[in-house]
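Chemist: Quick paste of what TrEMBL says about this protein:
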| type | residues | note |
| --- | --- | --- |
| TRANSMEM | 42-62 | transmembrane segment |
| DOMAIN | 53-295 | domain 'G-protein coupled receptors family 1 profile' |
| TRANSMEM | 74-97 | transmembrane segment |
| TRANSMEM | 117-138 | transmembrane segment |
| TRANSMEM | 159-179 | transmembrane segment |
| TRANSMEM | 185-212 | transmembrane segment |
| TRANSMEM | 233-261 | transmembrane segment |
| TRANSMEM | 273-297 | transmembrane segment |
Amino acid sequence: MSTLAPLRLLRDPSNASEGNQSNATVGASGGWCQGLDIPNELFLALGLVSLVENLLVVAAILKNRNLHSPTYYFICCLAVSDMLVSISNLAEMLFMLLLEHGVLVMRPSIVRHMDSVIDMLICSSVVSSLSFLGVIAVDRYITIFYALRYHSIMTLQRAVVTMASVWLASTVSSTVLITYFHSNTILLCLISFFLFMLVLMLVLYIHMFALARHHLHSISSHQKPPAAHRGGSLKGAVTLTILLGVFFICWGPFFFHLILIVTCPTNPFCTCFFSYFNLFLILIICNSVIDPLIYAFRSQELRRTLREVVTCS
């Protein structure tokens, strides 16, 4: 799948520098540098699955008044962000296919404007998705460590301000990124934002898991811990591993790609890595598919409402 400008620069930054000769040399040296041919049908299928999943999450939360709380509002916003990730990638793919097959004929100026709109939607959805993953981590942290004060700390008004701030910041940052996409400073800001979210989630979730372990240890010091507690500790460790593992696997390669663009755009190894950009996009779309399974569908109340939505009861 081809990517639109200026995201085309992220896909193959050597085209924007004097590294074309180096890239050609590397491409001839080994087949692994030729990249991975991912069919458009896979992008389409994953995008549709993600769209349906996250649309069901939004519908369930809006339908059930018991889910009208800051926690579920944040999960709803994450679902909307993941929907935008899917929609923007689907729109990009369909737009390029229509242009390439001559079905859609537009003036170059209109094509450039469409490029900018789709690119801005992609960047905004990526930034907002990452942001709400961090917001959900903070919300869970407050729920555990400040349980008695949670409703006074995370009021509905503060939740609304938080959501509005994330969407506004995502829109502004995506506009700046598309406008100044040639600047390494902008890419460094995006990389720093990802690293900040990664560290934030690591610290908060590990601290929450450590509290659960300490609680279990205090129980076991007075009496032999039942199998349910031992199983709960193992389940917590597995959940933590899944949360952080999915985040790092799905987002890490894309941001490592950005790091290489800044540090070594013409290095032979880097140019080989750039050829796998479509794979990194697939991983991001896969994250949009997995997020509802981790953050939404584990709620019994939401699953019950989801069945009502699906069966129209």
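Yeah, the Cβs are placed from backbone N, Cα and C, and that goes for glycine too.
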Chemist: Same-chain Cβ contacts of the transmembrane segment (273-297) under 8 Å, 6 or more residues past its ends?
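Modeler: 1, 3, 10-14, 27, 33-36, 38, 42-43, 46-47, 49-50, 53-54, 56-57, 60, 75, 78-79, 82-83, 85-86, 89, 126, 129, 133, 136, 242-243, 246-247, 249-251, 253-254, 256-257, 260-261, 303, 306.
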Chemist: Six or more residues beyond either end and a Cβ under 8 Å away: which residues meet both conditions relative to the transmembrane segment (42-62)?
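Modeler: Contacts with the transmembrane segment (42-62): 1, 68, 72-73, 75-76, 79-80, 82-83, 85-87, 89-90, 93, 281-282, 285-286, 288-289, 291-292, 296-297, 302, 305-306, 308-310.
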Chemist: So what's the mean pLDDT when you look at the domain 'G-protein coupled receptors family 1 profile' (53-295)?
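Modeler: It averages 82.
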